[in-house]
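The structure under discussion appears below in the form of structure tokens.
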Amino acid sequence: MSSGSQGQDNRQRGSKSRDGNRNSGPQEKVRGELQENVVKIKRCAAVVKGGRRFSFAAMVVVGNGDGKVGWGYGKANEVPPSVEKAVKEGMRQQIVVARDGNTIPHLVKGRYGAAKVVLAPAGPGTGVIAGAAVRAVCEAAGIHDILTKSFGSNNPVSLVKATMAALEQLRPKMDVERLRGVHLS
């Protein structure tokens, strides 16, 4: 058996990631006009007299794919209610992202805690070059061509918050021209 056919067999069976989940990336769901990406589901255990009581927390990114994006964090005793709470919170705290076609107008840096993110505009056809958490935010915001790099913490919750902080700093080209009193090409 050649090494190429062995790799094919592994792909068909479904290889597992480091943490043992088959599909550990963000799960995307479209609800009406809104896209929701489940970035992280966390299980927490409280030790009680009869054993362990589990609760779940979900981090969800919600966007319309056309410049509006938000994130939510929901906690409940089961997974579906925690996702629902996170989606509701994400819809409440959406922001409008300045875009330049399918990319962003300028390079921007965001930070939350130990997580740092650099977002740079990219040419047409580049795609979203990003990790799972940053990709979820960019795709929900409708950004199709972007280069990103994350530094420091790789915690998905912190990376989503750092990416949102970076996107909030974006200004449209026309606003910058008006503030500086010059014409940018």
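The backbone N, Cα and C atoms fix where each Cβ goes, glycine too.
On a predicted model such as this, the values are computed, not experimentally measured, just so you know.
The region 'Disordered' feature in TrEMBL is assigned to 1-33. Sequence annotations record features per position, and here TrEMBL assigns compositional bias 'Basic and acidic residues' to 10-21. Annotation source TrEMBL lists domain 'S5 DRBM' at 34-97.
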Composition by DSSP (helix, strand, coil) of residues within the domain 'S5 DRBM' (34-97): 14 helix, 39 strand, 11 coil
Predicted model, mean pLDDT over the domain 'S5 DRBM' (34-97): 95
